[in-house]
Amino acid sequence: GCKLTFWKCKNKKECCGWNACALGICMPR
């Protein structure tokens, strides 16, 4: 699956939909 907004991440491919990985957290663009 994918990681939701505000979940910890290492890269943007881990995050759901349009979310980007910023500062180690999935953030909406």
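Yeah, the Cβs are placed from backbone N, Cα and C, and that goes for glycine too.
Residues or ranges marked as disulfide bond in Swiss-Prot (evidence: similarity to another entry): Cys2-Cys16, Cys9-Cys21, Cys15-Cys26.
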What is the number of other Cβ atoms found within 10 Å of the Cβ of Cys2 (disulfide bond)?
-> 12
Tell me which residues of the chain lie with their Cβ under 8 angstroms from that of Cys26 (disulfide bond), as long as they are six or more apart in sequence?
-> Lys3, Leu4, Thr5, Phe6, Trp7, Lys8, Cys9, Lys12, Glu14, Cys15, Cys16, Asn19, Ala20
Counting Cβ atoms within 10 Å of each Cβ, the densest environment among the disulfide-bonded residues Cys15, Cys16, Cys21 belongs to Cys15
Rounded Cα-Cα span from Cys21 (disulfide bond) to Cys2 (disulfide bond), Å | 12
DSSP says Cys2 (disulfide bond), in three-state terms, is coil
Using DSSP, would you call Cys26 (disulfide bond) helix, strand or coil?
-> strand
DSSP three-state assignment for Cys15 (disulfide bond) | strand
According to DSSP, which kind of secondary structure is Cys9 (disulfide bond) found in, if we only use helix, strand and coil?
-> coil
What count of other C-beta atoms do you get within 10 angstroms of the C-beta of Cys9 (disulfide bond), across all chains shown?
-> 20
